[in-house]
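What TrEMBL lists as domain 'Tetrahydrofolate dehydrogenase/cyclohydrolase catalytic' is A:6-121. Annotation comment: TrEMBL describes A:140-284 as domain 'Tetrahydrofolate dehydrogenase/cyclohydrolase NAD(P)-binding'. What TrEMBL lists as NADP(+) binding site is A:Gly166, A:Arg167, A:Ser168, A:Ile232.
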2 protein chains.
Amino acid sequence: MTATIIDGKTIAAQLRGKIATDVAHLNAAHGIVPGIAVVLVGADPASEVYVRTKAKAVAEAGMRAIDKKLPVTTSEAELLALIAALNADPAVHGILVQLPLPPQIDSHRIISAIDPGKDVDGFHPLNVGRLASGLPTLAPCTPLGCVMLAKSVRPSLAGLEAVVIGRSNIVGKPVAQLLLMENATVTVAHSKTHDLPAVCRRADILVAAIGRPEMVRGDWIKPGAIVIDVGINRVPGKEGKSKIVGDVAFAEAAQVAGAVTPVPGGVGPMTIACLLLNTLRAARALNGLPALNL
Amino acid sequence: MTATIIDGKTIAAQLRGKIATDVAHLNAAHGIVPGIAVVLVGADPASEVYVRTKAKAVAEAGMRAIDKKLPVTTSEAELLALIAALNADPAVHGILVQLPLPPQIDSHRIISAIDPGKDVDGFHPLNVGRLASGLPTLAPCTPLGCVMLAKSVRPSLAGLEAVVIGRSNIVGKPVAQLLLMENATVTVAHSKTHDLPAVCRRADILVAAIGRPEMVRGDWIKPGAIVIDVGINRVPGKEGKSKIVGDVAFAEAAQVAGAVTPVPGGVGPMTIACLLLNTLRAARALNGLPALNL
């Protein structure tokens, strides 16, 4: 058996196209340009690359990116003051604070200070709670992307067994909530799980969000399963260069799974597309416009 | 095999004893009497019985019960005004609004209006979010009681397979969060789950929160499992009288399980004890005193 490769790049491009269309309409009909503030404290090279990629995608969707670069010595009070200013700015519909933050700043305090209506990362406790309660909310981007990719091959996930490996607040737990909202039977497995391979073999949908290169082997996968690989791990490659691999041993998985996301080109592109989607949703909601169903 | 019967009544009485001791200390050392406002809108007989039971337990623990009975015709604005007054009242440390509310009142709006620090039911979206994020918070009472009962027979739940049947915001989802915090591998099953008996048979800890009398049969239970029965269902009994049964067929379960909670006398008494515990925790936190570990 050879799995369908779930082409996250193409699916993300389609979603971004739909978003750009609605953004153009929003501007033409209401004079609104969705704006997202991306706050970067310090000069972490990986974060800088990521912020540039975001800015490019934001511009391509017809939105406005407001980049805020602060020195690594920024105090918590200074960052809170910036958040307050962005909360009050009507041109800003989304606020994203790039994590991690330097040690003098309490991330929880910063995230809780963001207006929940502008929290396009979906990390504010109020939005986490609304998601956990099944209420409409801004859900975290990577989990949203995972579920969209699963649904691209199987439009209804109802009644399927889903296993999520990893229980982070950023991926594992919110993706479990979203899968539950899709009526899947959802198991959250983690480092304390006994016989993880056996638990994974129950899964019709397996979401790997562990952060360990190629940990999920082919014989962990139920034949025909949908495998969503959230991992982005840099490992040594050929000729002294490094390469990026996921949490799933892709070549093995492709022999067993019904469908599998590649790394790169799977979940990654969807995360940025879902950030645009959340910004659009926030801009509509903040302007009292009805929700979109993209 | 005959299961250990988990005596919720005795375990709850022990917990209430510890709470009463700390309440007495709080009063002696700091002049604080934890106060809980119980708000009842309308005259539902079952709710009235429940409110009376709560008031008795509150008094026995040395706390102050502030009962607020409102007519069934109360408007949302009137109830919101009462909540605002209770939020502002320093003698009130816990606010509990008895559900369901009459149809002219939006429950979500009321719950969201309660000061999260006084939300002893743990239903405020901010507290739901804090629980889902693994942050310290006021967790819902029935789920707290379920986990305490499971831990009364098995102090560490780490690595065990837990299956929760039911995904309500009041029981199923928060108990899943608490079990995950105990490092169990947690599955949430529900009405859309395929082959529910087979999923249940995986469970080392089975929590039934379905609301259907004796739905969980003996052959759904893994030999030796801990079974926590959240159901409270009134069914016809002998001589035209009614009786209360759980979601688990108790006599069958007792032949297979390692331990099982009875109904009544299992989860029920723990719910009220945990309400007292949350009120005590809220009173300590609102007064800047360190958290207790009871």
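The backbone N, Cα and C atoms fix where each Cβ goes, glycine too.
Curation does not apply to TrEMBL; its annotations are automatic.
Overlay of TrEMBL feature records on the structure.
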residue	record	contacts (Cβ under 8 Å, 6+ apart)
A:Gly166	NADP(+) binding site	A:Gly172, A:Ala189, A:His190, A:Val207, A:Ala208, A:Ala209, A:Ile210, A:Gly211, A:Val230
A:Arg167	NADP(+) binding site	A:Lys173, A:Ala176, A:Val188, A:His190
A:Ser168	NADP(+) binding site	A:Ala209
A:Ile232	NADP(+) binding site	A:Ile244, A:Gly246, A:Val263, A:Pro264, A:Gly268
The domain 'Tetrahydrofolate dehydrogenase/cyclohydrolase catalytic' (A:6-121) - residue tally per DSSP class, helix then strand then coil = 62 helix, 18 strand, 36 coil
Request  = Would you mind listing, in sequence order, any of the binding-site residues A:Gly166, A:Arg167, A:Ser168, A:Ile232 that have a CB less than 8 A from a CB of chain B?
outcome  = A:Arg167
Ask   = What is the pLDDT of the domain 'Tetrahydrofolate dehydrogenase/cyclohydrolase catalytic' (A:6-121) when averaged and given as a whole number?
value = 96
Request  = Would you give the longest CA-CA distance, in whole angstrom, between residues of A:Gly166, A:Arg167, A:Ser168, A:Ile232, the set recorded as binding NADP(+)?
outcome  = 16
